[in-house]
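Accompanying notes for the structure given below.
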Amino acid sequence: MLIDTHAHLDEQSFETDLDAVLGRAREAGVEEIFTIGISRSTSEAAVRLAEQHSELFAVVGIQPNYVAEAQPDDFSKIEAIAEHSRVVAIGETGLDRYWDHAPLDLQKEYFVRHIELAIERDLPFIVHCRDAEDDVVEVLKETASGRQLRGVMHSFCGTAVTAEECLNLGMHISFAGMVTFKKNDELRSVASAIPLERLLVETDSPYLAPVPVRGNRNEPANVVHTARCLADVHELTLDKFAKQVTANTRKLFRRESTD
């Protein structure tokens with residue numbers, strides 16, 4: 001059994017067939033899925049989906065590419081809905097220099113606010129990082145102030161140095177479909193060096209479908225392909241690897257038993 005720790009099931013591409021998508025996930029052995037907010041409205045949608053489907057849990061936050069358009073009371077709303085019993089983490093938050101939709105200083109301000117909210121509510125936080133590894137590590141170090149952080153580097157595609165710095169801060173490392181791409185030998189090498197007890201898996205659905213379904217709409221059932229790739233680089237059977245990363249997820253998110 002596996003847990004897909006990062007999907008965007010509120011996306012329009014799932015509007016007409018979400019029940020079928022969830023059915024395929026169950027058939028593939030995916031027992032829980034965390035659906036992620038990137039704004040106030042999508043965070044609210046994530047909570048609604050989690051209320052409607054027992055295998056779904058919500059993560060709420062404002063993704064860095066959306067902080068410039070956030071309204072003054074949007075973060076207060078995130079703080080409020082973070083109290084919901086179906087919310088298991090804060091995010092996704094972080095920094096993005098690739099799209100540059102918001103000033104970096106504003107992104108950093110929201111990043112720190114999300115981390116502080118997660119610490120206050122005793123929840124993990126989910127980090128989006130694109131072309132901003134040094135900046136992200138700097139913020140994590142400053143915010144940690146010597147503490148071990150309870151967070152996830154989502155869809156990790158960074159360097160071994162960044163991975164080590166994040167691990168030293170207490171972070172978990174989550175891999176999505178990109179680790180399966182044929183050209184990504186270097187990323188698989190990074191993944192092979194991550195301690196098993198700090199690994200998570202995700203799809204980032206509907207984006208970046210893994211090999212052998214690359215190019216299609218991604219969905220939670222496909223997390224099995226990413227898990228198989230990571231099991232191979234760690235020289236484990238899929239079953240043994242799946243048990244380990246599921247145990248990691250349950251411990252980090254305090255999801256010790258299925259509802």
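Glycine too: its Cβ is placed from the backbone N, Cα and C atoms.
Listed in sequence order, the residues of the same chain lying 6 or more apart from Glu92 (divalent metal cation 1 binding site) and placing their CB within less than 8 Å of its CB are His6, Ile36, Gly37, Ile38, Val59, Gly61, Gln63, Ile126, Val127, His128, His154. The divalent metal cation 1 binding site annotation in TrEMBL covers His6, His8, Glu92, Asp204.
His128 (divalent metal cation 2 binding site): 25 other CB atoms within 10 A of its CB, across all protein chains. Per TrEMBL, divalent metal cation 2 binding site is recorded for His128, His154.
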| message | I want to verify one value. Collapsing DSSP to three states, which class is His6 (divalent metal cation 1 binding site)? | response | strand
| query | Where's the emptiest Cβ shell within 10 Å among the binding-site residues His6, His8, His154? | reply | His8
